[in-house]
């Protein structure tokens with residue numbers, strides 16, 4: 001590593017960790033309808049939205065009503081994207097005259113963007129019109145992130161409130177999350193990206209004659225606005241097929257730094273928002289410490305692995321450096337690894353290098369980041385509510401050892417809560433293992449795998465992990481655009497999204513109703529290094545025990561076969 | 001908190017006394033096989049899964065498999081059966097201890113008859129089991145009381161040794177706070193008319209039996225929650241193992257079915273799943289041996305959670321009666337004179353106070369005590385409110401300040417100043433001053449005070465470390481109460497307490513989210529007992545209190561509330577410790593089984609064989625054997641319970657995580673390696 005690499009890492013952590021506490025407090029104020037410095041400007045807009053939609057912002061919902069509103073809103077979003085993608089051939093803003101998508105692809109894409117996954121079985125410039133990108137995909141990029149944030153604040157309220165029957169108003173939470181939480185930051189990032197050279201235009205693709213005399217089509221489009229939310233909303237769906245490795249999506253080292261930092265900015269800030277909800281920032285610090293520890297363990301391992309020479313090529317005649325295959329040479333190893341670790345940790349499906357070419361161990365880091373349920377910062381809202389589920393599991397497992405019924409922040413964890421926790425624990429094993437087992441054992445679907453053996457298995461495993469974890473990044477080398485995989489990956493994304501959201505909302509409702517015991521000397525300590533360690537171990541243990549056999553057959557076997 | 005749970009002082013009958021391991025293991029072994037019945041195992045889903053896999057593996061022994069010799073398959077099947085049997089054995093052993101006691105009680109109730117009053121007002125003989133709530137029965141001296149009830153007429157002495165182990169008979173009479181009787185106790189004098197208050201199957205005895213019998217026991221809320229988690233983990237591992245075969249096929253290999261089954265059983269939480277029920281039963285058994293009967297396990301668990309203990313001053317914090325703590329002479333009186341006077345004034349006094357004075361003085365001086373025949377006792381009378389003796393024509397008297405001053409014919413203001421000061425000081429400190437005189441001569445003052453039980457202060461300090469606050473409840477005035485509270489080291493006082501004030505205090509604590517435990521005996525305690533999260537009634541109290549409480553202490557010792565808290569905590573800690581241990585074990589099992597399982601497909605995964613187990617077959621067999629044996633090894637811990645020291649939650653967590661979490665990670669690595677060495681040496685694989 002050079003001084004440049006250290007500078008990148010330092011700048012990345014500074015850009016994320018310095019503004020996060022402030023931003024977290026801002027989000028708390030905004031989501032609770034308190035006055036902020038933005039209120040004079042956005043307040044009238046917010047009230048206008050409620051007036052048009054006929055929503056009474058003062059009226060809160062029970063968790064059931066909240067969940068129904070959320071499902072209805074997501075279904076509507078899905079139908080709209082599905083419709084637009086199929087009908088884009090007849091709709092305006094389609095200068096390339098792209099035809100409508102095939103139904104299974106449209107289904108996959110619509111589910112993918114609704115669930116904040118952004119798995120792409122298509123290539124943007126080749127199959128999606130400007131209109132579809134803007135009113136279909138970009139809109140979902142915003143509202144899927146806002147949905148995650150809404151579910152999170154519902155859970156925060158559930159934990160913080162006492163003997164309450166409501167968890168908030170879905171419509172109000174959605175409006176505030178989008179209006180104050182996402183739009184202003186996206187505007188800033190989009191302007192920055194335009195300055196760095198990302199296109200934002202409605203004009204046709206440019207045709208050029210290269211020096212060799214060949215015809216070249218250079219795709220353009222309203223990219224900057226979508227890329228901003230793609231990163232900030234932990235979406236990751238590229239405007240162009242090769243995503244952030246494309247020079248128009250990620251033109252400079254500066255754009256690379258700001259894009260990668262903006263991926264986890266909001267997830268980190270939300271941990272502080274939680275601390276404000278429960279009036280105890282020590283809780284936030286313990287969770288951040290746990291997330292950072294897992295991030296650094298993964299990042300360190302991947303950086304180490306990517307700096308190893310490939311033993312298969314070892315030969316005294318050949319001088320090897322760190323392998324650069326599949327990496328964007330403009331950014332080099334460190335920035336590529338940082339991107340991979342950050343995106344897989346944070347449920348962002350964007351890539352600036354090809355994961356298929358990663359060293360098996362670093363690809364395992366990416367897999368594990370997703371397999372633990374995208375809780376290492378994770379998606380907007382989704383990461384923290386996933387992490388809080390882990391906190392509750394850790395509290396339930398170890399809480400008994402202090403001789404009391406397990407309690408988190410004064411709320412007792414009883415049969416009902418454990419039932420809901422167990423439901424979420426089953427999501428990843430079912431989504432990843434069952435769907436992968438189906439894909440590998442059916443002859444047709446298995447043929448989509450381009451490599452035999454352990455690497456091929458990693459490809460399948462990665463695809464279904466990415467779907468179930470709502471990450472959306474691809475391992476490449478896997479021909480996913482078949483009706484079978486489109487539908488099944490779509491199913492994985494639905495399981496991964498709503499398999500968490502519904503139990504989390506139910507949990508919010510049932511915690512809100514509980515009385516809260518005073519937190520004191522005899523309550524389970526959920527802050528401090530001991531708890532942070534316990535949390536790290538719980539996450540690794542639960543994830544590890546579930547996925548170690550599968551990982552052994554994929555990246556671990558591949559790593560050992562290469563002769564490391 | 002190091003509160004040793006006292007062994008029951010006197011076992012009621014000789015049969016129940018034989019609760020030693022030697023007497024228990026044989027029937028437990030038989031029970032272990034009886035419990036193989038899937039209908040019984042249904043209560044423990046994890047073990048049911050193990051039994052199903054054992055059946056499946058037994059069948060697989062007849063099917064030849066690639067890479068597994070029949071000998072190994074048979075051994076795996078056997079050890080799977082052992083796993084279930086060991087768990088059953090643990091449960092049967094836990095049941096055995098409580099059942100031995102319950103059986104002897106049950107035996108006493110068999111064939112019991114009762115004289116029931118029929119509608120015509122005549123008495124007819126019916127079987128005790130035919131009695132229903134509301135029936136009225138007559139019991140005469142020498143007969144057994146046929147069921148729990150309330151005395152509505154008569155007064156009699158009852159021997160409750162069968163239930164409490166206390167051989168001294170107790171008085172039961174209608175009305176007042178001594179009206180409740182318990183079934184299976186014997187009337188030793190007079191007769192009683194009793195109204196039965198429980199239907200068959202609901203009596204104290206039935207409750208006692210139900211708590212310690214696995215099949216009848218109701219699961220506690222935390223046990224249910226833990227069960228759900230264990231089922232969830234089992235499902236996850238079922239998915240993990242079931243998907244391995246397709247993955248192996250994709251990699252171009254195939255995994256032997258027996259190995260997959262073995263992997264499943266080692267991964268699912270069999271250790272805690274097998275011992276969960278034993279832990280619960282053993283906890284209840286510990287309670288029963290303390291002579292506390294809980295209405296349900298739920299209350300015991302809640303006891304582990306309490307934040308506040310409301311404790312009656314009298315009987316719990318102090319000895320019930322006042323004792324002599326000092327004597328102070330009046331001016332011009334020598335210590336010897338006062339001591340002799342006070343001794344003589346108290347020699348004929350049979351009350352606890354009088355005895356305590358004599359005891360105190362005998363320690364101070366050597367006396368030539370006159371023979372009792374020479375004394376003319378003067379008993380306490382409501383008229384004079386004095387007591388004492390006449391001896392050698394001198395009148396020795398002691399009594400309350402005003403009564404004695406009247407006797408010696410002195411005005412309060414004329415009392416010698418130093419003596420008056422002492423009297424005021426005693427009253428202010430919460431004590432009672434008694435004046436002593438001989439004839440008209442004032443000798444001095446005796447300081448009687450409530451004596452705080454030895455060791456109680458330390459126990460409160462331990463509770464405080466665990467974050468539990470103690471509140472002393474007393475009818476005394478605030479001044480007196482504060483003095484005793486300071487001496488006993490309680491955190492708070494509820495002085496001049498009335499039942500209403502008690503109830504209000506409980507409600508207020510509960511509104512703040514705290515759990516409250518209390519004990520009581522009077523009928524007016526019933527509402528508070530019902531309101532409290534843990535209410536313990538005294539067995540010699542009223543039926544109303546016993547109905548309202550969720551626990552009854554047969555020995556009527558309110559201090560036991562502290563032991564109940566301890567048992568509740570131990571119950572939860574034991575469960576948590578074994579759950580953590582069980583899950584942590586899985587790491588080592590993976591490192592044993594995965595390389596063995598995939599040896600044929602990816603031999604390079606042999607790197608994961610950290611323990612260097614000798615062969616794939618021995619690796620898998622070792623893991624299965626370890627998994628079964630660890631249950632046996634942990635039975636004593638499950639039955640005894642993990643000790644809970646007095647320490648903060650953070651300290652307890654750190655300690656238990658190190659022992660059971662880290663221990664759970666390391667122990668199986670060592671255990672599996674040793675078993676592997678043994679199996680290889682014995683050439684079993």
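Just so you know, glycine gets a Cβ as well, placed from its N, Cα and C.
Annotation note: residue B:312 (active site, 4-aspartylphosphate intermediate) sits in a strand segment as assigned by DSSP. Taken from TrEMBL, the feature active site, 4-aspartylphosphate intermediate covers B:312.
The feature ATP binding site is assigned by TrEMBL to B:349, B:353, B:380, B:381, B:382, B:383, B:384, B:385, B:386, B:387, B:398. In the three-state DSSP assignment, the secondary structure recorded for residue B:384 (ATP binding site) is coil.
Secondary structure from DSSP puts residue B:521 (Mg(2+) binding site) in coil. According to TrEMBL, the feature Mg(2+) binding site maps to B:521, B:525.
Averaged over the domain 'P-type ATPase A' (B:115-213), the predicted model has a pLDDT of 80. What TrEMBL lists as domain 'P-type ATPase A' is B:115-213.
Among residues of the same chain six or more beyond the transmembrane segment (B:45-65), those with a C-beta under 8 A of the stretch's C-beta atoms are 36, 38, 73-74, 76-77, 80-81, 83-84, 87-88, 227, 230-231, 234, 238, 256-258, 261-262, 264-265, 268-270, 272-274. The transmembrane segment feature in TrEMBL is assigned to B:45-65 (among others).
Counting same-chain residues at least six beyond the ends of the transmembrane segment (B:71-90), those with a Cβ under 8 angstroms from any Cβ of the stretch are 28-29, 31-33, 35-36, 41, 44, 47, 50-51, 53-54, 57-58, 60-61, 65, 258, 261-262, 265, 270, 273-275, 278, 617, 620-621, 624-625, 627-629, 631-632, 635, 638-639, 684-685. Residues annotated as transmembrane segment in TrEMBL: B:71-90 (among others).
Here the transmembrane segment (B:224-245) has Cβ contacts under 8 Å with residues 45-46, 49, 254-255, 260, 263-264, 267-269, 272-273, 276, 575, 579, 583, 597 of the same chain, all six or more residues outside its ends. Residues or ranges marked as transmembrane segment in TrEMBL: B:224-245 (among others).
If you look up TrEMBL, you'll see B:257-281 (among others) marked as transmembrane segment. Here the transmembrane segment (B:257-281) has Cβ contacts under 8 Å with residues 43-47, 49-50, 53, 56-57, 60, 63, 65, 68, 72-73, 76, 80, 83-84, 86-87, 90-91, 93-95, 98, 211-214, 217, 219-220, 223, 226-227, 230, 233-234, 237-238, 240-241, 244-245, 297, 571, 574-575, 578-579, 581-583, 585-586, 589-590, 593, 596-597, 616, 620-621, 623-624, 627, 630-631, 634-635, 638-639, 641 of the same chain, all six or more residues outside its ends.
Under the heading transmembrane segment, TrEMBL lists B:590-613 (among others).
According to TrEMBL, the transmembrane segment annotation covers B:619-639 (among others).
The feature transmembrane segment is assigned by TrEMBL to B:659-682 (among others).
Distance between Cα atoms for residue B:380 (ATP binding site) and residue B:521 (Mg(2+) binding site): 29 Å, as a whole number. Note: the Cα of residue B:349 (ATP binding site) and the Cα of residue B:521 (Mg(2+) binding site) are spaced 29 Å from each other. Among the recorded positions B:312, B:382, B:386, B:398, the residue whose Cα lies closest in space to that of residue B:525 (Mg(2+) binding site) is B:312. Neighbours of residue B:312 (active site, 4-aspartylphosphate intermediate), defined as other CB atoms within 10 A of its CB across all chains, total 24.
The two recorded residues residue B:386 (ATP binding site) and residue B:312 (active site, 4-aspartylphosphate intermediate) have their Cα atoms spaced 30 Å from each other.
In the domain 'P-type ATPase A' (B:115-213), helix, strand and coil residues by DSSP number 16 helix, 38 strand, 45 coil. Of all the binding-site residues listed here (B:349, B:380, B:382, B:398), the one with the fewest other CB atoms within 10 A of its own CB is B:382. Put simply, B:521 is the one of the binding-site residues B:382, B:384, B:398, B:521 whose Cα lies nearest to the Cα of residue B:312 (active site, 4-aspartylphosphate intermediate).
Of all Cα pairs drawn from B:349, B:353, B:380, B:381, B:382, B:383, B:384, B:385, B:386, B:387, B:398, which the record names as binding ATP, the longest spans 20 Å. Cα proximity to residue B:521 (Mg(2+) binding site) (within 10 Å) is found for none of the binding-site residues B:382, B:384, B:398.
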